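Asker: Mind looking over this structure? Questions follow.
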Amino acid sequence: MSGTSRGVPSSVTSSPVAAAAAAISPKRSSSNPPHHHHHHQMLHLTTTQDVIRQGKCLCGEYIRARLKRSGLLNRKILQRLRNSIVPDGASVGGGSGMMLIAGGGGAVVREAFPILHGAGFELERMHPRLYTNVSRQISNEPWGELTEPDTVGCLLHIVAKDLFKTGVTWGKVISLFAIAGGLAVDCVRQDHTDYLQQLIEGTTDVIEEDLAGWLVERGGWLGLQDHVYPQPAEITLTGWLTITIITLALLYLVSLFLKLIGSNYLNSEPTVAVATVGSTIGSASSSS
């Protein structure tokens, strides 16, 4: 556990950040997600320790992406982030610049992170003031200055308590990562890159204390796929029977309609023939 569970520094105060973030939920996408079938296969493999470990890795990945988008990422910071999220003795891999932990957790992070990052980026785009200069919005220190390593974890901890006090939703979870990304930018801009580890640990503590049970019930981090890419509702047996009955009824009505048209056509043929003969005789008579 990090310093977020200890006494809160006097420089930390609650702010409207949590209230505003709680009211925000990213738009769901109607497009089809890649590899969605993995979600249901991994439901029974998800444990509390899994979601905590994977959440820590996702936090590091989100911070990396946020710093890169802000033009603040360099090799030194990247190595610091790797050291913060990769356990001792674990390998780093996965491609695309991602800092994935070894084993099945890396596969989950690889699949969940693009969805998490996309939804978080959408929140940041829609509400740039909320996710920029986060420390200034929360801290009592002038200009939101981060004076101690533990302060950044405490800031996130207090926002999270307000954010999740009325319940957990995927929108709030995504907001938590966006807030952590904003605090990471504040750390680097204030030349406190060494605070990033405390920020990641603080986020991990929030996941363990407030989110782990909720996440496990939803199949872990891959449950985010069902939020952003909702599956179409499955049709029940009653639904299939209803569709079959309606289809048969329509076919029956169409067949009756075609028979009616056919009978009307056959009945009208003699009349057409008589009219044609009559007009021919009339023309011949007038010509003679």
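Heads up, residue numbers simply count up from 1 along the chain you see.
Every residue gets a Cβ built from N, Cα and C, even glycine.
What TrEMBL records for 1-45 is region 'Disordered'. Positions annotated as compositional bias 'Low complexity' by TrEMBL: 1-31. Residues or ranges marked as domain 'Bcl-2 Bcl-2 homology region 1-3' by TrEMBL: 116-221. Positions annotated as transmembrane segment by TrEMBL: 237-258.
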Asker: Using Cβ atoms and a strict cutoff of less than 8 Å, what residues sit near the transmembrane segment (237-258) while being 6 or more residues removed from its termini?
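Answerer: Hits for the transmembrane segment (237-258): none.
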Asker: Could you give me the DSSP helix, strand and coil counts for the domain 'Bcl-2 Bcl-2 homology region 1-3' (116-221)?
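Answerer: DSSP classes over the domain 'Bcl-2 Bcl-2 homology region 1-3' (116-221) add up to 81 helix, 1 strand, 24 coil.
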Asker: On average, what pLDDT score does this prediction assign to the domain 'Bcl-2 Bcl-2 homology region 1-3' (116-221)?
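Answerer: Overall, the domain 'Bcl-2 Bcl-2 homology region 1-3' (116-221) comes to a mean pLDDT of 94.
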